[in-house]
Amino acid sequence: MPSSTAPAPSDAPPSRPGAKELLAFAYRVAADAELVTSLPLDPQGRTWIRLEGPGGSEAWLIGWPPGAGTGWHDHGGSYGAFATAAGRLTEQSLAARLPTEGWKLLELADGIDRERQLEGGNGRAFGPHHVHQVFNASAEHAVSVHAYYPPLPMMRRYHRSGQVLRLEQIEWAQEWA
Ligand SMILES: [Fe+2]
């Protein structure tokens, strides 16, 4: 068969990136010292650069001054991955699948809290029901790479008091534009 009839690889439709690919992307970008150091840092708050994620995913390079954090949130049904490129971040997450709709207050079961420290190029992938908060508890600036697929349609923000999680706000992607 003449090779000229074969479609060029660039003509192939992009495949949906899996969580592993998003994490590989996060690791790859986290190791790109030139890009990581190009991020402007602000001691007063987070800074970010939008990146081109693999396969149409949404990706960000984010700078975290000491004390900066996200608060509890989910990712609107997207899955994703992130990796620390500089410094150290703390992730607290819930090892339970929460109902996504129809509640304002939820009493969390005991024993579902997880905490991990991410530094030195370490990262993690997460599924579409992941609820977490990420913060910089260290005394140094941290930089991380995040990727989500599908691009975040919305995020639910939660307030947590003890074992009670309260839905506080739904942020839609249009509001970030
Ligand atoms: Fe998140």
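A Cβ is built for glycine as well, from the same backbone N, Cα and C atoms used for every other residue.
What you are looking at is a predicted structure, and each value in this text was computed from that prediction instead of being measured.
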Recorded Fe cation site member, picked from H132, H141, that accompanies H73, H75 in TrEMBL: H132
Residues near H75 (Fe cation binding site) in space but at least six apart in sequence (CB under 8 A): F126, P128, H130, Y148, L152, M155
Surrounding CB atoms that lie within 10 Å of the CB of H73 (Fe cation binding site), all protein chains: 18
